[in-house]
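Okay, structure first, notes after.
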Amino acid sequence: MGLTKQYLRYVPSAVFGLIGSQKGNIVFVTLRGEKGRYVAVPACEHVFIWDLRKGEKILILQGLKQEVTCLCPSPDGLHLAVGYEDGSIRIFSLLSGEGNVTFNGHRAAVTTLKYDQLGGRLASGSKDTDVIVWDVINESGLYRLKGHKDAVTQALFLREKNLLVTSGKDTMVKWWDLDNQHCFKTMVGHRTEVWGLVLVSEEKRLITGAADSELRAWDLAYLQEQIEDPEEPNPKKIRESSPGKQERLEAKDGDSEMDGEPETDETPEDRILSCKKAGSIMRQGRDRVVSLAVDKTGRILACHGTDSVLEVFCVLSKEEVQKKMDKKLKKAKKKAKLNSSQGEEEEEDLEVNVEMTLQDEIQRVTNIKASSKIKSFDFIHSPQGELKVVFLLQNNLVELYTLNTSLAAPQPSRTSRVFVGGHRSDVRTLSFSSDNIAVLSAAAESVKIWNRSTLQCIRTMTCEYALCSFFVPGDRQVVIGTKTGKLQLYDLASGDLLETIDAHHGALWAMSLSPDQRGFVTGGADKSVKFWDFELVKDENSSQKRLSVKQTRTLQLDEDVLCVSYSPNQKLLAVSLLDCTVKIFYVDTLKFFLSLYGHKLPVICMDISYDGALIATGSADRNVKIWGLDFGDCHKSLFAHDDSVMYLRFVPKSHLFFTAGKDHKIKQWDADKFEHIQTLEGHHQEVWCLAVSPSGDYIVSSSHDKSLRLWERTREPLILEEEREMQREAEYEEGVAKEDQPAVPGETEGGSYFTGKKTIETVKAAERIMEAIELYREETAKMKEHRAICKAAGKEVPLPVNPILRAYGNISPSAYVLEIFKGIKSSELEESLLVLPFSYVPDILKLLNEFIQLGSDIELLCRCLFFLLRIHFGQITSNQMLVPVIEKLKETTISKVRQVQDVIGFNMAGLDYLRRECEAKSEVMFFAEATSQLEEKKRKRKNRRKMILTLT
């Protein structure tokens, strides 16, 4: 490498200390055939699968960069759909843990995901107000539904009909007919955002939760559509009319529902839907509904607000409601008999008294109070009546409650919780042990010791609000400084609190271990710096001595102390004050030596290099300044972060240092060359602190997103020019995705109805197609030349083979184009063709004709053909040269598609036959079933014998 300075790259190694992040929702998943044992929770960009019984993490679904915002398991339980902050959706296999399918269509965070009943389609709603329906099997988008004016909050497929219902923050609930992708009804009965909706009572009732304490219920009815023309645009009238007209139209709908006799044998196309408000259920919570859900059987309904209470309701069946009404009727009769002696009046009273209300149909079961605010929940209702409810709580905790709904007054009980793997609040201090193996993290309620290699929590000790910490030399004890100004000394072997000392009257902001390891120094908000020495004192409880600390000296200052640091030779002490300066004192005499001033806001963090030559200071003014400790001169001021610099640490035995900022980033700098070396991105919130291991091989950082991240130094050299180049490329790729979408003839500006989104992958795929077409053109031209040369020479001349075609196994140029088409991801195909210039389209159409005649990959080729015809319709039809090509395509496509159809039909019939054969031959039955069938056969045989005897 010559004269250039070599750096080593740090890479992300692991995310730990996190049980579940707040942005996404928790869901039950089926693993190894077990339901109700495993849950999937979002964990920053990953998804963790926790075993509730053991409290262990058993699988990590690895994400890329963006935070997870939404989870939805598939109906077969084999896949999990994950929505991200940038609008992408990935589908993971729960068997292998791999994400094979990616959908890019939304321009903002995914807010809701729902599968249809069979799991073949997936509806996604986003903050960009669009709903997209994806074909999971074909791995492509079907259509984009536009209509909401604010973020979509929920989307549901109907089981019986090809309809979709969506709710949004724009107060609307919209009904979509998926056969023609048209919104045929908009419900405007809400005054605030609609946060959730569910379908109950065999999809005859819709329940919506809004920003008030009411759950509104709507009765749904399917009507026969009128055939007369004037009635046809009725749904459109509803969508565009004012609320007053809306109510009248809905009233008309209600009347027509009463008049028309609902028939059962009609196709969904002949029906339109009407909904009428049935009433409302009052929740106990006064704030908005955060989530509203119903179990798979549609019997249990549950919802929660922004507090820690989940309200559980039971949706009664028709029989149960009837029983209830009969009881009411009896009571009413008794009451009427007592009140009146006349028979006629009694009957009149009866009619008044037994009106069926919504409360008779939807009954409150109980409330479940969790230990903290609920962020999301999921539940499973077993046929025996047991309800399992799992909560993801605000304080990084997962809790499982069980409830027996078959009892008259069910009491919820907490059966398990996942809590060991993380702190309840943000980690404010981190430290490494001297052997690089143990990591200490301390938050507002506990100190945890982690094993760096296994990332397991070895010890948890309760503490007060911790602000700073270190391992005592020997790694057997730790010292914590707290917000109340106390020093807490813990023994690691037993996990006991050895001693609590009142050190400062205000917050104890910083501590620094002396280089001779005999004591340490503390700085606090009471404007003092105190010096402490370790000592051994006799323990009252045992004969052995234990470690303690005693105060030796105090340095009183004029301002609050924010940070303290010893120089490595223990001659100087640097103290950062609230007046934005750093004062340096001699340790032995406590005389003033230097004042470092220049920061506009207080210095929050600082560190002195291993040789005592440099001191680096990080401030709330977003700058890092590097000073010489000999004269106190500022070598360089670096604009380090886009927000306050929260932490700064030198790498041992070097002049490289790391800074952590509120802008979610960690950066590495060279204090000699004043260069930015590397940015470690990964945290999604403010980074509070970091710790560098004594060897310099590991870094641990903590953030407001509740995660702890481990970064590891690799042997890979990092070259600054290459790093800058990679950064520029990443910025370009980000810019490509944000560019305007390609214009499509006949579409309004900003109204892209295609489901895809332009990404760097689609641009690259389009470039690959263009390169393949150019290669095909060149090779066909070469072929023509070669034939002419052979003809002129009168003999066969060897043809040089293109190295690319040779790499693919000496295939023809047209076959190479087909290979390129096959290599494009199904979800990116349409968007890649959309980016393609029209000059390549005539060649592609000719090649498609060739490929379709060969009869392979008909489905893929037809998708390409129909899409190109759709977007370039005008240019293709006006081009006389393409008329014969289109005519040929018409013939070949129709015949080949029919052939494929016949093959599929034949295969389906064959499979059906095989299924019947297997069922007939199947001898694997349950024991009880087998014995009952045997008895049935014996009985039939006896009957047959009797018949034969009677006949003979």
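A Cβ is built for glycine as well, from the same backbone N, Cα and C atoms used for every other residue.
What you see is a predicted model, and the numbers here were worked out from it, not measured in a lab.
Pulled from TrEMBL:
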type	residues	note
COMPBIAS	233-255	compositional bias 'Basic and acidic residues'
COMPBIAS	256-268	compositional bias 'Acidic residues'
COMPBIAS	732-741	compositional bias 'Basic and acidic residues'
DOMAIN	814-915	domain 'Small-subunit processome Utp12'
REGION	229-271	region 'Disordered'
REGION	732-751	region 'Disordered'
REPEAT	61-102	repeat 'WD'
REPEAT	103-144	repeat 'WD'
REPEAT	145-186	repeat 'WD'
REPEAT	187-220	repeat 'WD'
REPEAT	420-460	repeat 'WD'
REPEAT	501-535	repeat 'WD'
REPEAT	596-637	repeat 'WD'
REPEAT	638-679	repeat 'WD'
REPEAT	680-712	repeat 'WD'
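Within the repeat 'WD' (103-144), the DSSP-based counts of helix, strand and coil residues read 0 helix, 24 strand, 18 coil. Sequence-distant neighbours of the repeat 'WD' (680-712) (same chain, 6+ residues past either end, Cβ-Cβ under 8 Å): 10-18, 21, 43-45, 65, 67, 396, 422-423, 426-432, 434-436, 439, 441, 450, 452, 455, 643, 646-647, 649-654, 658, 660-668. Away from its own ends, the repeat 'WD' (420-460) comes close to residues 14, 16-19, 55, 57, 372, 395-397, 466-471, 473, 475, 478, 480, 490, 492, 495, 688-695, 697-698, 700-704, 706, 708, 710 of its chain (Cβ-Cβ under 8 Å, at least six residues beyond either end). Taken together, the residues of the repeat 'WD' (145-186) have an average pLDDT of 92. Taken residue by residue, the repeat 'WD' (61-102) breaks down under DSSP into 0 helix, 23 strand, 19 coil. Here the repeat 'WD' (638-679) has Cβ contacts under 8 Å with residues 5, 7, 9-10, 601, 604-610, 613-614, 616-626, 685-692, 694-696, 699, 701, 703, 711, 718, 720, 723 of the same chain, all six or more residues outside its ends. With DSSP states grouped into helix (H, G, I), strand (E, B) and coil, the repeat 'WD' (596-637) comes out at 0 helix, 23 strand, 19 coil.
Each residue of the repeat 'WD' (187-220) gets a DSSP state, and the totals for helix, strand and coil are 0 helix, 21 strand, 13 coil.
Per DSSP, the secondary structure of the repeat 'WD' (501-535) breaks down as 0 helix, 22 strand, 13 coil. Across the repeat 'WD' (145-186), DSSP helix (H, G, I), strand (E, B) and coil residues number 0 helix, 23 strand, 19 coil. Across the range of the repeat 'WD' (420-460), the DSSP-based residue counts are 0 helix, 19 strand, 22 coil.
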